[in-house]
Amino acid sequence: MLRRRNLLTTLLIALPWALLLTLWHQYPTTHYLSLLRNENVTSKALLNGTSALREEVFPSCTRQQQSIGATPKIIQNYVYSRPPPWSDTLPTIFVITPTYTRPVQKAELTRLANTFLHVQNLHWVVVEDSPRRTNLVSNLLEKAGLNFTHLNVETPKSLKLGLSWIPSHTPRGTLQRNLGLHWLRDSFSNTAPPEGVVYFADDDNTYSLELFEEMRYTRRVSVWPVAFVGGLRYESPKVSPAGKVVGWKTVFDPNRPFAIDMAGFAISIKLILEKPHASFKLEGVKGGYQETSLLKDLVTMDGLEPKAANCTKVLVWHTRTERPTLVNEGKRGFTDPRVEV
Amino acid sequence: MGNEELWAQSVLEMPKRRDILAIVLIVLPWTLLITVWHQSTIAPLLAVHKDDGGDSQRDLAAGLDSKEYCLSDRDIVEVVRTDRPVQKAELTRLANTLLHVPNLHWILVEDSQRRTPLITRLLRDTGLNYTHLNVETPRNYKLRGDMRDPRIPRGTMQRNLALRWLRETFNRNNSQPGIVYFADDDNTYSLELFEEMRSTRKVSVWPVAFVGGLRYESPKVNAAGKVYGWKTVFDPHRPFAIDMAGFAVNLRLILQRSQAYFKLRGVKGGYQESSLLRELVTLNDLEPKAANCTKILVWHTRTEKPVLVNEGKKGFTDPNVEI
């Protein structure tokens with residue numbers, strides 16, 4: 001009897017373990033574990049091979065046909081025609097982007113262009129920090145299909161060095177942005193100003209499509225929060241219940257006249273043309289005061305228009321791209337320098 | 001009492017201990033099995049759907065063959081690491097690029113326990129065709145805090161889950177054309193790249209910028225248009241010395257070789273791609289794109305981690321505001 005019991009016990013032990021091992025072997029660990037956790041429906045679906053389940057979890061194409069979405073139709077029109085056709089009634093968004101040659105430049109401008117190609121009535125003013133307009137940028141702009149203006153002005157080395165002792169990084173792009181403003185003032189007359197806004201967009205930031213629609217109808221200067229600036233998740237204007245800007249939610253020097261990042265405001269063309277002497281100050285600008293140096297000549301705090309749901313939504317992120325390691329290029333270079341990167 | 005009796009006592013105790021062991025060995029596996037079986041039959045009856053949106057949102061333009069929009073000519077597998085501050089920004093600008101590509105189906109796989117609302121909302125708002133999956137890479141608690149198991153290369157389980165989803169969703173015999181491309185959320189993709197990969201018959205390859213410590217890595221292509229090697233400094237003798245962003249696979253091949261997956265463990269650095277590709281294709285079968293691998297159409301950019309030092313210990317900004 002003892003022997004039979006031993007046999008039974010052995011069987012009762014061996015059988016379930018064998019089953020478990022087979023399951024374990026077939027599927028990666030966490031599939032199995034997540035089954036126990038009741039989270040991953042897909043794994044369960046995979047374990048159960050019945051076609052009925054498959055219908056439910058992976059609805060067939062025919063079934064989904066019936067439901068029709070309303071909003072995406074607009075998106076679909078934008079998706080496959082780039083850029084959207086120019087409209088005579090929509091205010092134009094002039095985006096001024098200073099850029100400079102470095103390995104990631106083409107990548108940055110490419111993904112920026114991919115974003116701008118969705119925005120109607122956008123005119124991209126690209127200003128290179130270089131003695132001549134480079135082929136890389138010229139070709140990129142021509143291929144992209146956007147409305148663009150290609151300018152260049154080189155920051156003199158003395159200026160780059162002179163300002164670099166300031167704790168914050170060298171205020172790069174100042175000359176270039178000013179040239180962009182200068183071009184606008186040259187191209188449009190103050191007597192018949194076009195409807196539109198100016199926005200300063202650095203080439204490594206990330207912009208949502210919603211942002212452009214928020215800024216389009218700026219009357220004077222509009223403002224909104226910006227992510228990843230000032231050592232915070234985001235910096236934001238302080239907006240009173242009456243919808244007026246009353247201060248700045250920042251840790252770094254919140255008492256600046258305009259404690260806001262370059263990507264956090266847009267100015268109406270009319271205002272730019274009305275005040276032809278307003279530009280970014282080149283020298284003697286403390287770190288973080290660049291934006292103030294322009295805005296103080298254009299508007300006062302209570303003239304600001306808060307956007308992005310009274311400055312409660314983040315629609316632009318001050319992302320920065322890592323410098324790529326090119327250590328394996330060595331002294332002589334490994335890759336073909338004629339291949340454009 | 002003597003030695004004899006002690007010995008007898010211990011002999012009597014042994015069966016008891018053995019009995020307990022036997023009981024445990026029996027109860028444990030059966031309990032596990034029953035739990036699993038229970039979950040797999042009960043859970044699907046609940047209304048918990050894997051989020052497979054997009055198809056229902058697509059409005060049918062007049063005159064479009066109603067079957068057409070189900071034909072995904074492209075499947076992009078995107079692996080998302082959750083809980084990074086820059087996640088929403090990365091996905092936003094990636095979506096802005098993908099929105100230009102016709103017939104694209106975005107498979108986004110989160111490395112997380114649950115599909116996060118942030119991503120669910122983002123996907124829905126784009127209007128793209130998408131599938132939202134998740135599987136969590138097991139954490140290695142021996143390492144400090146939140147570190148995932150470093151022996152499993154990042155993104156592997158997620159990419160494998162997507163491959164499995166493809167194999168479950170598409171019939172091996174159906175002739176629906178499709179290409180599978182693995183796209184990490186911090187890379188930069190030109191629109192031209194997607195058109196280049198569309199004509200992939202088996203596996204196509206092209207150069208990738210900013211990998212391997214170089215301006216770019218590239219396949220070596222001979223005069224006859226065949227790949228015969230790899231222009232890399234780091235280990236050019238790997239079977240496939242190519243970055244994840246440097247190849248695309250025809251869906252049919254994925255379905256035919258249904259056991260081909262990225263290897264989970266024991267993969268040397270830089271061999272991840274080889275672990276999959278060697279089960280799909282030989283060097284000779286590779287199709288070079290991008291003008292015989294002379295143009296750069298994809299850049300392995302990386303985004304800096306943002307400095308959040310001024311948040312301090314308690315946090316300065318409103319945590320309810322999504323970034």
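Cβ coordinates are placed from backbone N, Cα and C, and glycine is handled just like the others.
Annotations in TrEMBL come from automatic prediction, not curation.
As written in TrEMBL, here are the features:
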ACT_SITE  B:Glu273  active site, proton donor/acceptor
BINDING   B:Asp186  Mn(2+) binding site
SITE      B:Glu217  site 'Interaction with galactose moiety of substrate glycoprotein'
SITE      B:Asn310  site 'Interaction with galactose moiety of substrate glycoprotein'
TRANSMEM  B:20-38  transmembrane segment
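Known features from TrEMBL, placed on the structure.
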| residue | record | contacts (Cβ under 8 Å, 6+ apart) |
| --- | --- | --- |
| B:Asp186 | Mn(2+) binding site | B:Val86, B:Glu90, B:Thr301, B:Arg302, B:Thr303 |
| B:Glu217 | site 'Interaction with galactose moiety of substrate glycoprotein' | B:Pro207, B:Val208, B:Val211, B:Trp230, B:Lys231, B:Thr232, B:Ala241, B:Ile242, B:Asp243, B:Gly246 |
| B:Glu273 | active site, proton donor/acceptor | B:Phe240, B:Ile242, B:Asp243, B:Met244, B:Gly246, B:Phe247 |
| B:Asn310 | site 'Interaction with galactose moiety of substrate glycoprotein' | B:Phe316 |
Secondary-structure category, per DSSP, in which B:Asn310 (site 'Interaction with galactose moiety of substrate glycoprotein') falls: helix
Select from the recorded positions B:Asp186, B:Glu273, B:Asn310: which have any Cβ-Cβ contact with chain A shorter than 8 Å? B:Asn310
Where the residue listed as 'active site, proton donor/acceptor' sits in the secondary structure, as DSSP reduces it to three classes: helix
What three-state class does DSSP give the residue listed as 'Mn(2+) binding site'? coil
